Amino acid sequence: MLLCSSSPIFLARASSHPRKDSRSHVLVKLQSALVANASIRFSVKHPFCCPHLKAEHDFAISSVLGENQAMTTTEEDVQYRGILDLDPSLEKFKDHLIYRSKKYVEQKSLIEKFEGSLEEFAQGYLKFGFNREQDAIVYREWAPAAQEAQLIGDFNGWDGSNHKMEKNEFGVWSIEIPDAGGFQHGSDMPPLILLDLQLLMMEFTGIHHLQKGISSSILDLQNLQLQGSTKLIRSGTPEDLKYLIDKAHGLGLRVLMDVVHSHTSNNVTDGLNGFDVGQGTQDSYFHNGERGYHKLWDSRLFNYANWEVLRFLLSNLRWWLDEFNFDGFRFDGVTSMLYHHHGINMVFTGNYTEYFSEATDVDAVVYMMLANHLVHNLLPDATVIAEDVSGMPALCRPDYEGGVGFDYRLAMAIPDRWIDFLKNKMDSEWSMKEIVWSLTNRRYSEKCVAYAESHDQAIVGDKTISFLLMDKVMYSGMSDLEPASPVIERGIALHKMIHFLTMALGGEGYLNFMGNEFGHPEWIDFPREGNGWSYDKCRRQWNLVDTDHLRYKHMNAFDRAMNLLDDRFHFLASEKQIVSSISEEDKVIVFERGDLVFVFNFHPENTYSGYKVGCDLPGKYRVALDSDAFEFGGHGRVGHDIDHFTSPEGIPGVPETNFNSRPNSFKLLSPARTCVVYCKVDETPQQPDEETTGTETTVTQVLQDSQVDKTAESPSEETTSTKETTLRQVLQDSPDLASDEVLVSSGIRDEKEIDVEDSTASD
């Protein structure tokens, strides 16, 4: 699995679920919208209450459970046994895992009992917001603590006295507006909510556009408000986003939504904040007091035990899947959700008591289990990634094993390690053991997505890895028309090594933020108060990599080559990962991934000739990828046509007698600051088809013979005629063995015919 870009995230595998027509009849009101970190982030507010269950903050739904005591425990028994079998160390926390699984089964069973199914429960957007029902528009909103609610807009002169909403027993306000009521496409309609106790009037200023012939409304993406700001940013329309996703699918890419269910904006103007004024936790989207507020993010925290919050968030997920055909999600801020302390001032050491204790927010864990179950039921091949820095065990195991259900977690410690080394250590101080530990410190059977630099370097405003390595020299020293300075030489070499080692050893997936693949020197800085709302750095300079005389092309070519290496050998999907040598003295790391042998030499000066490395399989090895190749801006010091034959080491099956615990070895050249990959070459002589072999040999020979030196004696007409006849005959039989230029010069094809084909292909 390969990930690229910033957000949405694209994966290099096509989704198999059917594509719908982008003109859907179901749209949804987006109540809270944020634009941040190159991600379009939405929260959809559409709970559907039937019946409404009031749940206290500790998941107190005993009154309903009392009616459901006959529920089977078979599923519950299975749901924690799986992860205990995988990791016996979790046995000590069995009670916690049973409690967690029981809560999940109970909540899921309640939803199925009162809503029909989890999938139906997650269709709140079909009832809430603005929907067309028969000959009217119906608007519904859940605000149980409100005393009065009116719908106002330009359609009624901003006077809601004749458009008061009615409240049912579940706290749902509604109003029906006949088609003759003046309500039409483009109407501005911020609902006014009069809340209990404080009697505050809440005005929502998001601009909603009601379209004819559809069942709901959507916040126009052309008018998304930045957090707490009156500045607007253009992000296109919903149809534009659907078009983008369809195009990505056509290219065989998956698209993931960067979804934020860990918190929401503190802005009372265009967000959910303020709904909880004067009401209890059971009637609110958020917890009361400190538990409902994230002090570092200045944002509100959801009450995941609340029935309507579950519907609200789960409906959000289903809407993105159904309406836009996203292929999955990257959940933002999962660490904050997992723990009551939100990871603030916490250093996770791997001690299991840090993960399973009273500090764990079980309500949030249950929600994520429900969310993953829903997404994978709706889209079996969906990809769901957790942004978690804590390393909670079983986060990426399926819910039926007692896990939380994510497919991958982001390996967030890896970019921190690289940035620490680049900022605080000399090259000679780099610890190979610390690098390997950071890259391999992940749980067995739980997949990780590795990345060398995070959005902190690519977007927020810190320096990218390339800029940390080369800094201002990049503005004057990246021309290929002059020799590289030592700074540029070191920078490009380490840039290739850092990214490739992260990909090859860091996980089962690889993430690259747009532009980092070719060493973009600057970050993406969105317009904000701190930069005077400037768009100056709100872009990527793609011209840098497209300019032929600049060295950015070398880093880009290497990034492409390392991705193609995985396409060829599928090493990321291999469970075979063995680090055979970590030499602090040599600054060399040797490991196997699949059947490939990787050799990384981080030494700033030493080149090792005849360097001995261990391997698993005996035979002949050749270079599969070399960062020092000329096309990657290197010096071409490693021969790619050299055969490396292995030698047996020690007693077969007795690792302690082997070389670095490997049964075979071979010797190689390892230049300073390079990484080279070796693949095993088949030594068995191939027996190709005789007819094909003869044809290829004839084509090669005839083409070589036809390149006659102009200074040589002119051949006889008979000889020339014979060669031309042979060439024409061969090319007519196998036209795919020669280029268009050769086919035209030989009279086999017409140049106009090729031009027409190229024009058709371009269209």
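Quick reminder: no glycine exception, Cβ is built from N, Cα and C everywhere.
Among the features that TrEMBL reports, active site, nucleophile is placed at Asp332. Per TrEMBL, active site, proton donor is recorded for Glu387. For 713-724, the entry in TrEMBL reads compositional bias 'Low complexity'. According to TrEMBL, the compositional bias 'Acidic residues' annotation covers 753-763. Taken from TrEMBL, the feature domain 'Glycosyl hydrolase family 13 catalytic' covers 198-551. Annotated region 'Disordered' per TrEMBL: 704-763, in sequence order.
Separation of the C-alpha atoms of Asp332 (active site, nucleophile) and Glu387 (active site, proton donor): 5 Å, rounded to the nearest whole number. Per-residue pLDDT, averaged along the domain 'Glycosyl hydrolase family 13 catalytic' (198-551), amounts to 85 for this model. The Cβ of Glu387 (active site, proton donor) has 20 neighbouring Cβ atoms from other residues within 10 Å, across all protein chains displayed. Every protein chain shown contributes to the tally, and the Cβ of the residue listed as 'active site, nucleophile' ends up with 21 other Cβ atoms within 10 Å.
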